[in-house]
Amino acid sequence: MTDISQPERAKKRVFSGIQPTGVFTLGNYLGAIRNWGPLQDEYDCIYSIVDMHALTVKRDPVKFRQQTIESYALLLSCGIDPKKSIVFIQSHNPSHAQLNWILACATQFGELTRMTQFKDKAKKHPDDINTGLFTYPVLMAADILVYNADLVPIGKDQKQHLELARNIAVRFNQRFGDTFVIPDGYFGAAGASIKSLQDPTKKMSKSDDNPNACVYILDDKDTILRKFKRAVTDSDSEIRFAEGKDGINNLMTIYSCVTGKDFSAIESEFSGCGYGEFKLAVGEAVSDYLEPVRSEFKRLMGDKAYLKECYTDGAQRAFRISNKIVTKASRKVGFVDYR
Ligand code: TYM
């Protein structure tokens, strides 16, 4: 769809976000962030540490603030360049909350009750099913629509939320006239869903109780090797991508993502090898792949002033874009213009 609000825009716009809920996982990295870097050369990219979303679960404020800064540094360590892209912290740009309200009034209660992530999280935190958790997907729609993003690079688990954002945009445009671009998802060829190392039918997630289920991108080499060594596989012994071999399929996907080799090349490379040997090779490859992230993170965390400069500048640039779109949507719904 053409961009309605900025017809002069030469490049398509990309938006994506990640929650500052701890060190990113290998799933976050291979499923999403790894794709964000290369997009910077072709598109106008806007990337955000979405701290407002993270507030839907109870957090210790001191730890939360620290995790947000660390997540920002991690994003830069993963190759997101604040000179090429707009990289900011969500709560620094008030446009998200403003558009959130307008969109909430164009979203049905029934639509939100169908969101599987809400159902999962409500089950996980029965003592705190706050309304923020329930309306989370509306804020996510606002994040995307407030920049009129064309493309949203995400992992598979966010597909339902993106679908809702599209529906809200279509409905708003039908009711008030063309306002929002209808965004498309962008999914990497491999890695759109990296599974838990302990239960390969579930996605790899920070909130997994089993410490061996999840690889964090700052894990040291020994930890990475140990986690892969303990990865759950099957009773077969062949390294082959096939139905019913969820554990091996997941390890092959990870190995493929970090080495660039396709499945048939991996099958030939490990033909005749045992699972133990393969797991070790995957662990080694992942550790080597993540080494530059670990060292860059260490360097950046030693320069907090630079980080602050980057996120302050990012928020100002983000606001300059989003404020125009909020103003446009405000006029459309009939708010009184005061400028
Ligand atoms: P979050 O913070 O849970 O995850 C960030 C990104 O990582 C992807 N991801 C995975 N991909 C593959 N395999 C996995 N195991 C895996 N785990 C996580 C997620 O799909 C996501 O792309 N609601 C979003 C954050 C958000 C957002 C947005 C994203 C808020 N507003 C607007 C895009 C656009 C979330 O909780 O992602």
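Counting starts with 1 at the first residue shown.
Even glycines carry a Cβ here, placed using N, Cα and C.
Some features that TrEMBL has for this protein:
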BINDING   Gln19, Pro20, Thr21, Gly27, Asn28, Gly155, Lys156, Asp157, Ile194, Lys203, Met204, Ser205, Lys206, Ser207  ATP binding site
BINDING   Asp143  L-tryptophan binding site
MOTIF     20-28  motif ''HIGH' region'
MOTIF     203-207  motif ''KMSKS' region'
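Remote same-chain residues near the motif ''HIGH' region' (20-28) are listed as 49-51, 54, 57, 64, 67-68, 70-72, 74, 78, 155, 193-195, 203-206, 214-218, 254, 286 (criterion: CB distance under 8 Å, separation of at least six residues from the stretch ends). A separation of roughly 18 Å, to the nearest angstrom, links the Cα atoms of Thr21 (ATP binding site) and the residue listed as 'L-tryptophan binding site'. A gap of 18 Å separates the Cα atoms of Asn28 (ATP binding site) and Asp143 (L-tryptophan binding site). Geometry remark: Gln19 (ATP binding site) versus Asp143 (L-tryptophan binding site), CA distance 13 Å. In this structure the C-alpha atoms belonging to Ile194 (ATP binding site) and the residue listed as 'L-tryptophan binding site' are separated by 24 Å. Annotation note: Lys206 (ATP binding site) sits in a coil segment as assigned by DSSP. Note: the motif ''HIGH' region' (20-28) comprises 3 helix, 1 strand, 5 coil (DSSP; helix = H, G, I, strand = E, B). Candidate binding-site residues: Gln19, Asp143, Lys206. Those with a Cβ under 6 Å from ligand 1, in sequence order, are Gln19, Asp143. Residues near Lys206 (ATP binding site) in space but far in sequence (CB under 8 A, at least 6 apart, same chain), listed by position: Thr21, Gly22, Val23, Thr25, Cys214. Contacts of Lys156 (ATP binding site) defined by a Cβ separation under 8 A and a same-chain sequence distance of 6+ are given as Gly31, Phe187, Ala192, Ser193, Lys203, in order along the sequence.
Under a cutoff of 8 A between CB atoms, and with a sequence separation of 6+ in the same chain, the neighbours of Asp143 (L-tryptophan binding site) are Phe15, Gly17, Ser48, Val50, Gln90, His96. Under a cutoff of 8 A between CB atoms, and with a sequence separation of 6+ in the same chain, the neighbours of Met204 (ATP binding site) are Thr25, Leu26, Gly27, Ile194, Lys195, Ser196, Leu197, Ala213, Cys214, Val215.
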